[in-house]
Amino acid sequence: MSMIKSYAAKEAGGELEVYEYDPGELRPQDVEVQVDYCGICHSDLSMIDNEWGFSQYPLVAGHEVIGRVVALGSAAQDKGLQVGQRVGIGWTARSCGHCDACISGNQINCEQGAVPTIMNRGGFAEKLRADWQWVIPLPENIDIESAGPLLCGGITVFKPLLMHHITATSRVGVIGIGGLGHIAIKLLHAMGCEVTAFSSNPAKEQEVLAMGADKVVNSRDPQALKALAGQFDLIINTVNVSLDWQPYFEALTYGGNFHTVGAVLTPLSVPAFTLIAGDRSVSGSATGTPYELRKLMRFAARSKVAPTTELFPMSKINDAIQHVRDGKARYRVVLKADF
């Protein structure tokens, strides 16, 4: 088996270096994919820096992969995938397939522990491997250069829309207009929802309106927030910093839900009466299942929803990562493989 070229962090916080590794024999259930494009997500930086305490080095990050099938394991031969087919791989590379969560179609919550693509050797490489279930066929008309971020950032904000049965008549608010929030706005606009963006940066207003928001509200203006009481069926939080959440809880209509995908480290303080009085709820989620990923990619292709991206050659990966670290990305960075 030939070696795979990649870019790896050799230590926590280190710059990425060229690294070759032996992938071993192809597992029966695995698919090997040639990488064409791979997005950079803040989770990649967290893993490179070992923020979560379980990174293993050398670490090959990257989990927003667009590529082509180059090999199929013996148990992946008749699963609807073909050599040469365009596919995507997101945050998860493996799940056990036999626990209650997997059998019920909730593989992302695999009781044996769904294996992140990064822990499996990720997409900052010429090739990578994943279980066939997590290799997502792509529609022919999807824009492959910008599609990678849909496989992590996109599914992260699409999942709540499925969970809470959002329709064209829903009124939805989005807190934070960054890599996640801007995709949420585009998806909601494509669905026909009434979309309100909450942003602390007034300079973004015209750009956010052009993405499909119906209204932009200054999240630092208490009076503007107070005026929205009782309006929203769903508010999605995409930021990972602590805010005064009470005005957002009060902005929910009866039966409304506050859903966080932003990993806020401090506890959310929710007065019980705020929830009880209007049948309101608070929830959260991470990414999605293979089925949900397929639904997202089909919807994005049909509706022409594409993340706003900046393209770097993979050979300039350290420059691209620094660009993300500096908060300069508009709004997601994608690497083009050039091995």
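Using the three backbone atoms N, Cα and C, a Cβ is placed for every residue, glycine included.
In Swiss-Prot, the Zn(2+) 2 site is described by Cys96, Cys99, Cys102, and among Cys110, Cys152 the residue recorded at this site is Cys110. Taking only the Cα positions, the spacing between Cys99 (Zn(2+) 2 binding site) and Cys152 (Zn(2+) 1 binding site) is 24 angstrom. All protein chains considered, the CB of Cys38 (Zn(2+) 1 binding site) has 30 other CB atoms within 10 Å.
Close to the recorded Zn(2+) 2 site, the chain also has Ser95, Gly97, His98, Asp100, Ala101, Ile103, Gln107, Glu111, Gln112, Ala114: residues not among Cys96, Cys99, Cys102, Cys110 whose Cβ is within 8 Å of the site's Cβ mean position.
In sequence order, Gly39, Cys41, Ser43, His63, Glu64, Gly90, Trp91, Thr287 make up the list of same-chain residues 6 or more apart from Cys152 (Zn(2+) 1 binding site) whose Cβ falls under 8 Å from its Cβ.
It is 25 Å from the Cα atom of Cys110 (Zn(2+) 2 binding site) to that of Cys38 (Zn(2+) 1 binding site).
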